[in-house]
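Single-structure report; data block below.
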Amino acid sequence: MEITFQKVEHRYQYKTPFERRALYDVDVSFPSGGYYAIIGHTGSGKSTMIQHLNGLLQPTNGTVQIGEHFISAGKKEKKLKPLRKKVGVVFQFPEHQLFEETVEKDICFGPTNFGVSEEAAKQKAREAIELVGLEPELLARSPFELSGGQMRRVAIAGVLAMEPEVLVLDEPTAGLDPKGQNELMEMFYKLHKEKGLTVILVTHNMEDAAKYAEQIVVMHKGTVFLQGSAEEVFSHADELEKIGVDLPMSLKYKRAIEEKFGISIPKATLSLEDLTHEVVQVLRKGGHESCSS
């Protein structure tokens with residue numbers, strides 16, 4: 001299910017003295033089945049942008065097309081319920097949205113709300129909890145007896161139980177330790193590969209953006225500043241730093257090595273493994289090449 005933003009603008013508290021423009025002239029497409037990252041400094045418009053994907057927000061100007069659904073300025077999309085089934089959104093700290101007395105009831109809430117029978121919803125709950133790496137035995141427990149990491153996985157299972165075609169992740173690893181972050185990101189990538197899900201990741205973690213995303217969209221002051229593959233985007237390191245976007249650690253180490261040893265590493269290395277390989281290659285050639293990154 002392809003997603004397209006066409007000249008999208010969004011203003012909060014439109015036509016009031018408190019009006020504030022959050023998005024403008026946003027033109028971007030997310031073809032079906034891809035893995036995408038949206039990055040940018042705090043306040044750049046990332047979260048506002050993704051709230052247009054299932055109709056939580058409506059454009060002030062322009063159109064957002066999600067498959068056969070069109071959300072346009074001044075026009076109400078009548079079929080938001082099926083759209084919200086197709087586009088699953090995992091917001092920051094989703095475990096705060098848990099409320100039922102058992103894990104099973106919490107995961108079943110979404111499917112039953114969309115008309116699925118109780119028996120079918122329970123089956124979806126069993127499948128979803130295994131997808132997120134938890135044991136089915138947890139279904140009978142209160143979600144509030146679980147660890148923070150388990151609660152987050154339960155909340156994500158609730159989204160997956162609705163069998164979305166698009167999975168939108170807004171800082172999904174916020175507050176987790178490094179091990180938990182890595183496990184969750186690997187889980188999302190596995191779901192993307194095995195289920196063919198379109199994944200749109202909003203993140204401040206540049207390592208995750210570089211590692212998983214096929215395309216990266218850089219937002220700045222409410223509009224698209226840059227778009228391309230990880231290699232293309234992070235080759236603009238100076239411009240990114242000027243607008244407050246962090247760089248992957250491998251690029252920071254690359255700069256430090258260049259300055260310390262007086263060598264030039266042409267490639268925009270996106271992992272420590274790549275950096276090690278490139279340093280070896282440069283040293284073998286004598287250590288002096290023009291730096292184009």
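Cβ atoms here come from the backbone N, Cα and C positions, even for glycine.
Under DSSP, G40 (ATP binding site) is assigned to a strand (E or B) in the three-state scheme. The ATP binding site annotation in Swiss-Prot covers G40, H41, T42, G43, S44, G45, K46, S47, and the record cites sequence analysis as its basis.
If you look up Swiss-Prot, you'll see 3-246 marked as domain 'ABC transporter', on the strength of sequence analysis. Taken together, the residues of the domain 'ABC transporter' (3-246) have an average pLDDT of 94.
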Check: Using DSSP and three states only, what is G45 (ATP binding site)?
Finding: coil
Check: Tell me which residues of the chain lie with their Cβ under 8 angstroms from that of G45 (ATP binding site), as long as they are six or more apart in sequence?
Finding: A22, L23, V26, M219, K221, G222, T223
Note to self: Out of H41, K46, which of these binding-site residues shows the lowest number of other CB atoms within 10 Å of its CB?
What the structure shows: H41
Margin query: If you count CB neighbours within 10 Å, which one among the binding-site residues G40, G43 has the smallest count?
Written below: G43
